Amino acid sequence: MAGMGNERHLETGSLAPPPPGKDVVRVYGMKFCPYVQRLKLVLAAKGVKHETININLVRKPEWYFTKNPKGLVPTLEINGIYIYESDITSAYIDAVYPGRKLMTEDPLKKAKEQMLLGDHAKTIAFYKYACSSDPEVRKQGSETAKLGLGALEKFLKQAKTAFVCGDQPGFTDYMMWPHIERLGVFLPDLIPTFELVKKYFDDMGLDSAVKACRFSNELHIEFFNFEESFRAGEKRRLYDCGEVVEYSFPTAK
Amino acid sequence: MAGMGYGRHFATGSKAPPSPKQDVLRVYSMKFCPFAQRLKLVLAAKGVKHETVNIDLSKKPEWYLEKNPRGLVPTIEINGEIIYESDITASYVDAVYSGRKLTTQDPMKKAKELILFGDNGKTVAGFYAVITSPDNKEKQAEGYKTLNTGLEKLDKFLSEEKTTFVGGEEPGFTDYMIWPHLERLSMYVGYTFSEYPNVKKYFDNMRKDKAVQACRLPNELHEEFRASLRAKNTCYDIGIVEEYNFD
Ligand SMILES: N[C@@H](CCC(=O)N[C@@H](CS)C(=O)NCC(=O)O)C(=O)O
Ligand SMILES: N[C@@H](CCC(=O)N[C@@H](CS)C(=O)NCC(=O)O)C(=O)O
(Lines of atoms letter the chains of each structure in order from A and count residues from 1; the text may use other names and numbers.)
(Lines give C-alpha, C1' and ligand atoms only; values in the text may rest on other atoms or scores of the structure.)
(Ligands and ions follow the chains in the order given, each with its own letter.)
Protein backbone atom coordinates (compact mmCIF):
# COMPACT_ATOMS: atom_id res chain seq x y z
CA MET A 1 0.00 0.00 0.00
CA ALA A 2 1.33 3.34 -1.06
CA GLY A 3 0.22 5.39 1.95
CA MET A 4 0.28 9.15 1.59
CA GLY A 5 3.15 9.24 -0.91
CA ASN A 6 6.52 10.79 -0.14
CA GLU A 7 7.01 12.22 -3.63
CA ARG A 8 8.63 15.63 -3.84
CA HIS A 9 6.20 18.55 -4.08
CA LEU A 10 6.44 20.15 -7.52
CA GLU A 11 6.32 23.92 -7.66
CA THR A 12 6.09 26.97 -9.91
CA GLY A 13 8.42 26.66 -12.86
CA SER A 14 8.58 22.87 -12.77
CA LEU A 15 8.00 20.81 -15.88
CA ALA A 16 4.57 19.20 -16.23
CA PRO A 17 4.82 15.46 -15.68
CA PRO A 18 4.16 13.21 -18.68
CA PRO A 19 0.59 11.86 -18.74
CA PRO A 20 -0.01 8.65 -16.80
CA GLY A 21 0.11 5.37 -18.72
CA LYS A 22 -3.10 3.78 -19.96
CA ASP A 23 -5.48 2.90 -17.10
CA VAL A 24 -3.01 4.16 -14.52
CA VAL A 25 -4.65 6.00 -11.63
CA ARG A 26 -2.76 9.18 -10.78
CA VAL A 27 -3.40 11.25 -7.67
CA TYR A 28 -2.26 14.85 -7.40
CA GLY A 29 -1.80 15.37 -3.72
CA MET A 30 -0.01 17.09 -0.89
CA LYS A 31 1.53 14.87 1.69
CA PHE A 32 -0.14 16.40 4.73
CA CYS A 33 -3.51 17.31 3.24
CA PRO A 34 -6.41 15.70 5.13
CA TYR A 35 -8.60 15.78 1.99
CA VAL A 36 -6.00 13.91 -0.01
CA GLN A 37 -5.81 11.45 2.85
CA ARG A 38 -9.52 10.67 2.44
CA LEU A 39 -8.89 9.49 -1.09
CA LYS A 40 -5.67 7.70 -0.12
CA LEU A 41 -7.54 5.81 2.60
CA VAL A 42 -10.14 4.64 0.09
CA LEU A 43 -7.43 3.59 -2.35
CA ALA A 44 -5.58 1.75 0.41
CA ALA A 45 -8.69 0.03 1.76
CA LYS A 46 -9.56 -1.25 -1.70
CA GLY A 47 -5.97 -2.00 -2.63
CA VAL A 48 -6.08 0.17 -5.78
CA LYS A 49 -2.63 0.72 -7.30
CA HIS A 50 -1.88 4.32 -8.17
CA GLU A 51 0.88 6.86 -8.59
CA THR A 52 1.21 10.12 -6.72
CA ILE A 53 2.39 13.54 -7.79
CA ASN A 54 2.65 16.03 -4.97
CA ILE A 55 1.95 19.73 -5.40
CA ASN A 56 3.50 22.63 -3.53
CA LEU A 57 0.34 24.56 -2.65
CA VAL A 58 1.93 27.91 -1.92
CA ARG A 59 3.97 27.89 -5.12
CA LYS A 60 1.61 25.98 -7.42
CA PRO A 61 3.02 24.87 -10.75
CA GLU A 62 1.35 26.76 -13.63
CA TRP A 63 0.40 23.48 -15.31
CA TYR A 64 -1.58 22.31 -12.29
CA PHE A 65 -4.48 24.63 -13.11
CA THR A 66 -5.03 22.79 -16.39
CA LYS A 67 -5.70 19.67 -14.30
CA ASN A 68 -7.88 21.36 -11.70
CA PRO A 69 -9.11 24.93 -12.28
CA LYS A 70 -9.72 25.30 -8.55
CA GLY A 71 -6.07 24.53 -7.86
CA LEU A 72 -6.91 22.31 -4.91
CA VAL A 73 -5.77 18.81 -4.06
CA PRO A 74 -6.75 16.01 -4.43
CA THR A 75 -7.28 15.61 -8.17
CA LEU A 76 -7.53 12.26 -9.95
CA GLU A 77 -6.29 11.75 -13.50
CA ILE A 78 -7.19 8.57 -15.39
CA ASN A 79 -7.05 8.16 -19.17
CA GLY A 80 -7.15 11.90 -19.78
CA ILE A 81 -10.08 12.53 -17.44
CA TYR A 82 -9.83 14.72 -14.37
CA ILE A 83 -11.98 14.51 -11.26
CA TYR A 84 -11.53 16.56 -8.10
CA GLU A 85 -12.96 17.07 -4.61
CA SER A 86 -12.09 14.47 -1.99
CA ASP A 87 -15.56 12.99 -1.57
CA ILE A 88 -16.31 12.90 -5.30
CA THR A 89 -13.00 11.28 -6.26
CA SER A 90 -13.36 8.76 -3.44
CA ALA A 91 -16.90 7.82 -4.47
CA TYR A 92 -15.73 7.40 -8.05
CA ILE A 93 -12.92 5.05 -7.01
CA ASP A 94 -15.25 3.05 -4.80
CA ALA A 95 -17.79 2.65 -7.61
CA VAL A 96 -15.35 1.75 -10.38
CA TYR A 97 -12.62 -0.41 -8.82
CA PRO A 98 -12.94 -3.94 -7.52
CA GLY A 99 -12.28 -4.72 -3.89
CA ARG A 100 -14.48 -4.22 -0.89
CA LYS A 101 -17.44 -1.85 -1.55
CA LEU A 102 -16.99 0.89 1.01
CA MET A 103 -20.24 2.76 0.42
CA THR A 104 -23.43 1.26 1.81
CA GLU A 105 -26.17 0.29 -0.66
CA ASP A 106 -28.87 0.92 1.93
CA PRO A 107 -30.51 4.30 1.17
CA LEU A 108 -31.53 5.02 4.76
CA LYS A 109 -28.10 4.18 6.13
CA LYS A 110 -26.53 6.28 3.42
CA ALA A 111 -28.73 9.26 4.28
CA LYS A 112 -27.82 8.98 7.95
CA GLU A 113 -24.11 8.81 7.15
CA GLN A 114 -24.42 11.86 4.91
CA MET A 115 -26.12 13.83 7.67
CA LEU A 116 -23.33 12.82 10.05
CA LEU A 117 -20.75 13.99 7.52
CA GLY A 118 -22.56 17.33 7.56
CA ASP A 119 -22.15 17.52 11.34
CA HIS A 120 -18.52 16.49 10.94
CA ALA A 121 -17.90 19.90 9.35
CA LYS A 122 -17.75 21.16 12.94
CA THR A 123 -14.91 18.78 13.73
CA ILE A 124 -13.13 19.94 10.59
CA ALA A 125 -13.56 23.58 11.59
CA PHE A 126 -11.36 23.02 14.64
CA TYR A 127 -8.31 22.92 12.39
CA LYS A 128 -8.76 26.52 11.33
CA TYR A 129 -8.91 27.60 14.96
CA ALA A 130 -6.08 25.34 16.02
CA CYS A 131 -3.72 27.35 13.84
CA SER A 132 -4.33 30.49 15.86
CA SER A 133 -1.81 31.66 18.43
CA ASP A 134 -4.64 33.29 20.40
CA PRO A 135 -5.67 30.94 23.24
CA GLU A 136 -9.24 32.36 23.17
CA VAL A 137 -9.60 31.41 19.52
CA ARG A 138 -8.13 27.99 20.20
CA LYS A 139 -10.68 27.47 22.93
CA GLN A 140 -13.43 28.36 20.48
CA GLY A 141 -12.00 25.70 18.16
CA SER A 142 -12.20 23.11 20.85
CA GLU A 143 -15.83 24.09 21.59
CA THR A 144 -16.72 23.70 17.91
CA ALA A 145 -14.98 20.33 17.68
CA LYS A 146 -16.96 19.19 20.72
CA LEU A 147 -20.19 19.64 18.77
CA GLY A 148 -18.84 17.56 15.90
CA LEU A 149 -17.61 14.77 18.18
CA GLY A 150 -20.89 14.91 20.07
CA ALA A 151 -22.75 14.12 16.86
CA LEU A 152 -20.39 11.20 16.21
CA GLU A 153 -20.87 9.90 19.75
CA LYS A 154 -24.64 10.01 19.31
CA PHE A 155 -24.44 8.28 15.95
CA LEU A 156 -22.27 5.44 17.30
CA LYS A 157 -24.58 5.02 20.24
CA GLN A 158 -27.65 4.66 18.03
CA ALA A 159 -25.94 2.53 15.39
CA LYS A 160 -24.44 0.20 18.02
CA THR A 161 -21.59 -0.65 15.66
CA ALA A 162 -17.85 -0.19 16.13
CA PHE A 163 -17.59 1.99 13.05
CA VAL A 164 -19.90 4.49 11.40
CA CYS A 165 -20.37 2.13 8.48
CA GLY A 166 -20.75 -1.08 10.47
CA ASP A 167 -18.33 -3.67 11.75
CA GLN A 168 -15.63 -2.56 9.33
CA PRO A 169 -14.60 0.98 8.44
CA GLY A 170 -16.41 2.16 5.31
CA PHE A 171 -16.69 5.21 3.10
CA THR A 172 -17.86 7.70 5.72
CA ASP A 173 -15.28 6.49 8.26
CA TYR A 174 -12.54 7.24 5.76
CA MET A 175 -14.03 10.66 5.02
CA MET A 176 -14.02 11.52 8.71
CA TRP A 177 -10.77 10.00 9.85
CA PRO A 178 -8.16 12.50 8.59
CA HIS A 179 -9.45 15.36 10.72
CA ILE A 180 -10.03 13.08 13.68
CA GLU A 181 -6.42 11.89 13.41
CA ARG A 182 -5.29 15.53 13.56
CA LEU A 183 -7.64 16.27 16.43
CA GLY A 184 -5.90 13.45 18.28
CA VAL A 185 -2.57 15.17 17.70
CA PHE A 186 -3.49 18.78 18.37
CA LEU A 187 -6.26 18.51 20.97
CA PRO A 188 -5.38 15.17 22.57
CA ASP A 189 -7.53 15.74 25.67
CA LEU A 190 -10.79 16.13 23.78
CA ILE A 191 -11.35 12.67 22.33
CA PRO A 192 -11.19 10.79 25.66
CA THR A 193 -14.11 12.89 26.93
CA PHE A 194 -16.38 10.96 24.56
CA GLU A 195 -16.60 7.31 25.52
CA LEU A 196 -17.61 5.82 22.17
CA VAL A 197 -15.52 8.23 20.13
CA LYS A 198 -12.49 7.23 22.18
CA LYS A 199 -13.09 3.57 21.44
CA TYR A 200 -13.74 4.44 17.79
CA PHE A 201 -10.47 6.38 17.63
CA ASP A 202 -8.56 3.40 18.98
CA ASP A 203 -10.33 0.89 16.72
CA MET A 204 -9.76 3.02 13.63
CA GLY A 205 -6.08 3.10 14.57
CA LEU A 206 -5.96 -0.67 14.09
CA ASP A 207 -7.34 -0.56 10.54
CA SER A 208 -4.71 -1.43 7.95
CA ALA A 209 -5.65 1.42 5.57
CA VAL A 210 -5.51 3.91 8.43
CA LYS A 211 -2.14 2.56 9.49
CA ALA A 212 -0.80 2.82 5.94
CA CYS A 213 -1.85 6.47 5.60
CA ARG A 214 -1.03 7.71 9.08
CA PHE A 215 1.79 10.00 10.19
CA SER A 216 3.45 10.02 13.55
CA ASN A 217 2.41 12.81 15.90
CA GLU A 218 5.93 14.18 15.63
CA LEU A 219 5.75 14.52 11.85
CA HIS A 220 2.31 16.16 12.06
CA ILE A 221 3.70 18.63 14.55
CA GLU A 222 6.81 19.30 12.52
CA PHE A 223 4.70 20.13 9.47
CA PHE A 224 2.24 22.15 11.53
CA ASN A 225 4.94 24.26 13.11
CA PHE A 226 6.15 25.20 9.68
CA GLU A 227 2.62 25.97 8.63
CA GLU A 228 2.24 28.23 11.61
CA SER A 229 5.42 30.10 10.86
CA PHE A 230 4.18 30.33 7.28
CA ARG A 231 0.99 31.96 8.46
CA ALA A 232 3.06 34.28 10.60
CA GLY A 233 4.57 35.60 7.41
CA GLU A 234 7.79 33.65 7.09
CA LYS A 235 6.81 32.68 3.56
CA ARG A 236 8.18 29.22 3.69
CA ARG A 237 6.44 25.98 4.15
CA LEU A 238 7.98 22.60 4.54
CA TYR A 239 6.05 20.25 2.29
CA ASP A 240 9.00 17.94 1.78
CA CYS A 241 9.02 17.04 5.43
CA GLY A 242 10.12 13.54 6.42
CA GLU A 243 11.11 11.05 3.75
CA VAL A 244 11.29 12.36 0.14
CA VAL A 245 11.09 10.31 -3.05
CA GLU A 246 12.24 11.69 -6.44
CA TYR A 247 10.34 11.16 -9.71
CA SER A 248 11.52 8.96 -12.54
CA PHE A 249 10.85 11.76 -15.07
CA PRO A 250 12.53 15.16 -15.35
CA THR A 251 10.83 17.92 -13.36
CA ALA A 252 13.21 20.83 -13.94
CA LYS A 253 13.42 22.85 -17.13
CA MET B 1 -49.02 16.02 -8.39
CA ALA B 2 -48.98 17.79 -5.10
CA GLY B 3 -46.72 20.70 -6.03
CA MET B 4 -45.37 22.73 -3.12
CA GLY B 5 -48.26 21.96 -0.77
CA TYR B 6 -50.90 24.42 0.44
CA GLY B 7 -51.11 23.41 4.11
CA ARG B 8 -51.14 26.15 6.72
CA HIS B 9 -47.69 26.83 8.25
CA PHE B 10 -47.37 25.54 11.82
CA ALA B 11 -46.04 28.19 14.23
CA THR B 12 -44.68 28.46 17.78
CA GLY B 13 -47.13 27.16 20.32
CA SER B 14 -48.87 24.86 17.88
CA LYS B 15 -49.63 21.28 18.80
CA ALA B 16 -47.44 18.77 16.97
CA PRO B 17 -49.28 16.88 14.25
CA PRO B 18 -49.74 13.13 14.88
CA SER B 19 -47.01 10.90 13.42
CA PRO B 20 -47.56 9.91 9.81
CA LYS B 21 -49.32 6.60 9.28
CA GLN B 22 -47.40 3.44 8.39
CA ASP B 23 -45.44 3.87 5.13
CA VAL B 24 -46.72 7.40 4.60
CA LEU B 25 -43.98 9.79 3.55
CA ARG B 26 -44.26 13.18 5.20
CA VAL B 27 -42.38 16.29 4.08
CA TYR B 28 -41.85 19.22 6.45
CA SER B 29 -41.60 22.18 4.18
CA MET B 30 -42.19 25.87 3.62
CA LYS B 31 -44.15 26.85 0.58
CA PHE B 32 -41.58 29.29 -0.85
CA CYS B 33 -38.38 27.48 0.15
CA PRO B 34 -36.09 26.67 -2.79
CA PHE B 35 -34.45 23.81 -0.89
CA ALA B 36 -37.79 22.19 -0.12
CA GLN B 37 -38.64 22.71 -3.79
CA ARG B 38 -35.66 20.53 -4.78
CA LEU B 39 -37.21 17.63 -2.92
CA LYS B 40 -40.71 18.45 -4.17
CA LEU B 41 -39.44 18.40 -7.75
CA VAL B 42 -37.97 14.94 -7.26
CA LEU B 43 -41.20 13.71 -5.67
CA ALA B 44 -43.23 15.20 -8.53
CA ALA B 45 -40.95 13.80 -11.25
CA LYS B 46 -41.24 10.32 -9.76
CA GLY B 47 -44.90 10.65 -8.88
CA VAL B 48 -44.35 9.77 -5.22
CA LYS B 49 -47.41 10.30 -3.03
CA HIS B 50 -46.66 12.17 0.19
CA GLU B 51 -48.17 14.54 2.72
CA THR B 52 -46.83 17.99 3.48
CA VAL B 53 -46.58 19.74 6.83
CA ASN B 54 -45.57 23.37 6.40
CA ILE B 55 -43.47 25.16 9.00
CA ASP B 56 -43.50 28.86 9.85
CA LEU B 57 -39.75 29.53 9.81
CA SER B 58 -40.00 32.91 11.49
CA LYS B 59 -41.86 31.39 14.44
CA LYS B 60 -40.75 27.77 14.50
CA PRO B 61 -42.86 25.36 16.53
CA GLU B 62 -40.93 23.94 19.48
CA TRP B 63 -41.73 20.40 18.37
CA TYR B 64 -40.08 20.94 15.00
CA LEU B 65 -36.62 21.26 16.55
CA GLU B 66 -37.08 17.78 17.95
CA LYS B 67 -37.54 16.49 14.41
CA ASN B 68 -34.67 18.46 12.94
CA PRO B 69 -32.20 20.01 15.41
CA ARG B 70 -30.92 22.31 12.65
CA GLY B 71 -34.42 23.74 12.36
CA LEU B 72 -34.29 23.89 8.57
CA VAL B 73 -36.66 22.63 5.92
CA PRO B 74 -36.96 20.25 4.17
CA THR B 75 -37.14 17.27 6.52
CA ILE B 76 -38.79 13.96 5.75
CA GLU B 77 -40.36 11.55 8.18
CA ILE B 78 -41.28 7.98 7.37
CA ASN B 79 -41.98 5.08 9.74
CA GLY B 80 -40.29 6.94 12.60
CA GLU B 81 -37.14 7.78 10.66
CA ILE B 82 -36.09 11.39 10.11
CA ILE B 83 -33.90 12.66 7.27
CA TYR B 84 -33.00 16.26 6.47
CA GLU B 85 -31.00 18.35 3.97
CA SER B 86 -32.47 18.82 0.50
CA ASP B 87 -29.93 16.77 -1.46
CA ILE B 88 -29.84 13.93 1.07
CA THR B 89 -33.62 13.63 1.30
CA ALA B 90 -34.01 13.86 -2.47
CA SER B 91 -31.40 11.21 -3.03
CA TYR B 92 -33.08 8.92 -0.51
CA VAL B 93 -36.41 9.34 -2.25
CA ASP B 94 -34.86 8.63 -5.64
CA ALA B 95 -33.22 5.46 -4.35
CA VAL B 96 -36.22 4.07 -2.49
CA TYR B 97 -39.27 4.84 -4.59
CA SER B 98 -40.27 3.38 -7.92
CA GLY B 99 -40.63 5.58 -10.97
CA ARG B 100 -37.98 7.04 -13.21
CA LYS B 101 -34.44 6.83 -11.69
CA LEU B 102 -33.25 10.42 -11.62
CA THR B 103 -29.67 9.82 -10.51
CA THR B 104 -27.25 8.50 -13.10
CA GLN B 105 -25.70 5.08 -12.47
CA ASP B 106 -22.55 5.95 -14.44
CA PRO B 107 -19.80 6.81 -11.91
CA MET B 108 -17.99 9.23 -14.24
CA LYS B 109 -21.16 11.10 -15.15
CA LYS B 110 -22.11 11.16 -11.52
CA ALA B 111 -18.73 12.64 -10.55
CA LYS B 112 -19.09 15.36 -13.19
CA GLU B 113 -22.60 16.21 -12.00
CA LEU B 114 -21.42 16.38 -8.39
CA ILE B 115 -18.64 18.78 -9.35
CA LEU B 116 -21.22 20.89 -11.19
CA PHE B 117 -23.52 20.79 -8.17
CA GLY B 118 -20.58 22.06 -6.10
CA ASP B 119 -20.08 24.92 -8.56
CA ASN B 120 -23.81 25.64 -8.31
CA GLY B 121 -23.06 26.65 -4.73
CA LYS B 122 -21.68 29.85 -6.26
CA THR B 123 -24.92 30.50 -8.12
CA VAL B 124 -26.85 30.03 -4.88
CA ALA B 125 -24.49 32.19 -2.80
CA GLY B 126 -24.45 34.94 -5.44
CA PHE B 127 -28.23 34.86 -5.68
CA TYR B 128 -28.64 35.42 -1.94
CA ALA B 129 -26.03 38.18 -1.93
CA VAL B 130 -27.97 39.96 -4.68
CA ILE B 131 -31.44 39.66 -3.18
CA THR B 132 -30.44 40.51 0.38
CA SER B 133 -28.69 43.75 -0.50
CA PRO B 134 -31.07 45.72 -2.74
CA ASP B 135 -29.58 49.04 -1.62
CA ASN B 136 -25.91 48.11 -1.59
CA LYS B 137 -24.45 48.50 -5.09
CA GLU B 138 -21.09 47.05 -4.13
CA LYS B 139 -22.51 43.92 -2.55
CA GLN B 140 -24.85 43.52 -5.51
CA ALA B 141 -22.00 43.70 -7.99
CA GLU B 142 -20.05 41.16 -5.99
CA GLY B 143 -23.11 38.91 -5.82
CA TYR B 144 -23.54 39.01 -9.58
CA LYS B 145 -19.89 38.21 -10.04
CA THR B 146 -20.21 35.18 -7.80
CA LEU B 147 -23.35 33.88 -9.43
CA ASN B 148 -21.87 34.39 -12.87
CA THR B 149 -18.97 32.08 -12.02
CA GLY B 150 -21.55 29.42 -11.18
CA LEU B 151 -23.56 30.00 -14.36
CA GLU B 152 -20.41 29.94 -16.46
CA LYS B 153 -19.71 26.40 -15.23
CA LEU B 154 -23.25 25.35 -16.06
CA ASP B 155 -22.94 26.86 -19.53
CA LYS B 156 -19.67 25.02 -20.09
CA PHE B 157 -21.10 21.76 -18.81
CA LEU B 158 -24.06 21.95 -21.18
CA SER B 159 -21.89 22.83 -24.16
CA GLU B 160 -19.44 20.01 -23.44
CA GLU B 161 -22.02 17.34 -22.74
CA LYS B 162 -24.18 18.47 -25.67
CA THR B 163 -27.35 17.34 -23.94
CA THR B 164 -30.54 19.31 -23.36
CA PHE B 165 -30.38 18.82 -19.62
CA VAL B 166 -27.58 18.16 -17.15
CA GLY B 167 -28.99 14.67 -16.64
CA GLY B 168 -29.29 13.96 -20.40
CA GLU B 169 -32.34 14.21 -22.63
CA GLU B 170 -34.67 14.37 -19.65
CA PRO B 171 -34.18 16.42 -16.47
CA GLY B 172 -32.43 14.35 -13.82
CA PHE B 173 -31.40 14.64 -10.19
CA THR B 174 -28.90 17.46 -10.60
CA ASP B 175 -31.32 19.45 -12.77
CA TYR B 176 -33.88 19.39 -9.99
CA MET B 177 -31.22 20.39 -7.44
CA ILE B 178 -30.20 23.49 -9.36
CA TRP B 179 -33.57 24.57 -10.74
CA PRO B 180 -35.19 26.36 -7.76
CA HIS B 181 -32.52 29.06 -7.59
CA LEU B 182 -32.46 29.54 -11.36
CA GLU B 183 -36.23 30.00 -11.29
CA ARG B 184 -35.87 32.63 -8.56
CA LEU B 185 -33.08 34.42 -10.41
CA SER B 186 -35.53 34.98 -13.21
CA MET B 187 -38.51 35.73 -10.98
CA TYR B 188 -36.89 37.88 -8.30
CA VAL B 189 -34.34 39.91 -10.21
CA GLY B 190 -35.45 39.46 -13.82
CA TYR B 191 -32.23 37.72 -14.75
CA THR B 192 -32.33 36.72 -18.43
CA PHE B 193 -29.22 34.51 -18.75
CA SER B 194 -28.46 36.33 -22.00
CA GLU B 195 -24.69 36.08 -21.46
CA TYR B 196 -24.97 32.31 -21.22
CA PRO B 197 -26.71 31.02 -24.35
CA ASN B 198 -26.64 27.38 -23.28
CA VAL B 199 -28.09 28.21 -19.89
CA LYS B 200 -30.76 30.35 -21.51
CA LYS B 201 -31.87 27.50 -23.74
CA TYR B 202 -31.70 25.15 -20.80
CA PHE B 203 -33.82 27.48 -18.70
CA ASP B 204 -36.53 27.56 -21.37
CA ASN B 205 -36.53 23.79 -21.68
CA MET B 206 -36.68 23.24 -17.93
CA ARG B 207 -39.70 25.51 -17.72
CA LYS B 208 -41.61 23.08 -19.91
CA ASP B 209 -40.96 20.12 -17.62
CA LYS B 210 -44.06 18.76 -15.88
CA ALA B 211 -42.49 18.51 -12.43
CA VAL B 212 -41.13 22.06 -12.74
CA GLN B 213 -44.58 23.31 -13.67
CA ALA B 214 -46.25 21.42 -10.84
CA CYS B 215 -43.91 22.99 -8.26
CA ARG B 216 -44.06 26.55 -9.50
CA LEU B 217 -45.99 29.19 -7.59
CA PRO B 218 -47.17 32.33 -9.41
CA ASN B 219 -44.78 35.28 -9.56
CA GLU B 220 -47.29 37.52 -7.80
CA LEU B 221 -47.45 35.17 -4.84
CA HIS B 222 -43.64 35.15 -4.56
CA GLU B 223 -43.73 38.95 -4.77
CA GLU B 224 -46.24 39.14 -1.97
CA PHE B 225 -44.17 36.77 0.14
CA ARG B 226 -40.98 38.76 -0.42
CA ALA B 227 -42.70 42.03 0.37
CA SER B 228 -43.81 40.59 3.70
CA LEU B 229 -40.25 39.37 4.36
CA ARG B 230 -38.87 42.85 3.71
CA ALA B 231 -41.47 44.35 6.02
CA LYS B 232 -40.27 41.88 8.69
CA ASN B 233 -43.74 40.46 8.96
CA THR B 234 -43.33 37.25 7.02
CA CYS B 235 -46.59 35.85 5.66
CA TYR B 236 -46.40 32.24 4.60
CA ASP B 237 -50.11 31.61 4.39
CA ILE B 238 -50.96 33.56 1.27
CA GLY B 239 -52.67 32.32 -1.88
CA ILE B 240 -54.45 29.01 -1.43
CA VAL B 241 -54.33 27.81 2.18
CA GLU B 242 -55.57 24.40 3.22
CA GLU B 243 -56.30 23.16 6.73
CA TYR B 244 -54.95 19.78 7.83
CA ASN B 245 -56.95 16.68 8.28
CA PHE B 246 -54.82 14.02 9.86
CA ASP B 247 -57.16 11.07 10.17
N1 LIG C 1 -13.28 20.65 -0.90
C2 LIG C 1 -11.95 20.17 -1.21
C3 LIG C 1 -10.95 20.76 -0.25
C4 LIG C 1 -9.53 20.39 -0.57
C5 LIG C 1 -8.53 21.36 0.06
O6 LIG C 1 -8.92 22.38 0.63
N7 LIG C 1 -7.23 21.04 -0.04
C8 LIG C 1 -6.24 21.98 0.40
C9 LIG C 1 -5.02 21.32 0.99
S10 LIG C 1 -5.37 20.48 2.50
C11 LIG C 1 -5.74 22.77 -0.80
O12 LIG C 1 -5.66 22.23 -1.90
N13 LIG C 1 -5.37 24.04 -0.61
C14 LIG C 1 -4.80 24.85 -1.64
C15 LIG C 1 -5.43 26.18 -1.74
O16 LIG C 1 -6.31 26.48 -0.94
O17 LIG C 1 -5.04 26.92 -2.64
C18 LIG C 1 -11.96 18.64 -1.14
O19 LIG C 1 -12.75 18.08 -0.40
O20 LIG C 1 -11.18 18.04 -1.88
N1 LIG D 1 -28.75 23.02 3.54
C2 LIG D 1 -30.16 23.02 3.68
C3 LIG D 1 -30.69 24.43 3.56
C4 LIG D 1 -32.17 24.54 3.80
C5 LIG D 1 -32.60 25.96 4.15
O6 LIG D 1 -31.77 26.84 4.35
N7 LIG D 1 -33.93 26.19 4.24
C8 LIG D 1 -34.39 27.48 4.72
C9 LIG D 1 -35.67 27.91 4.06
S10 LIG D 1 -35.52 28.26 2.36
C11 LIG D 1 -34.67 27.35 6.20
O12 LIG D 1 -35.11 26.32 6.66
N13 LIG D 1 -34.46 28.43 6.97
C14 LIG D 1 -34.76 28.46 8.34
C15 LIG D 1 -33.69 29.05 9.16
O16 LIG D 1 -32.66 29.46 8.58
O17 LIG D 1 -33.83 29.10 10.38
C18 LIG D 1 -30.79 22.12 2.64
O19 LIG D 1 -30.20 21.95 1.57
O20 LIG D 1 -31.83 21.53 2.92
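Including glycine, each Cβ sits where the backbone N, Cα and C put it.
Annotated domain 'GST N-terminal' per TrEMBL: B:23-101, in sequence order.
Sequence annotations record features per position, and here TrEMBL assigns domain 'GST C-terminal' to B:106-229. Remark: secondary structure over the domain 'GST C-terminal' (B:106-229) totals 94 helix, 2 strand, 28 coil, with classes taken from DSSP.
Across all of the domain 'GST N-terminal' (B:23-101), the predicted model scores a mean pLDDT of 97. Break the domain 'GST N-terminal' (B:23-101) down by DSSP state and the numbers are 30 helix, 17 strand, 32 coil.
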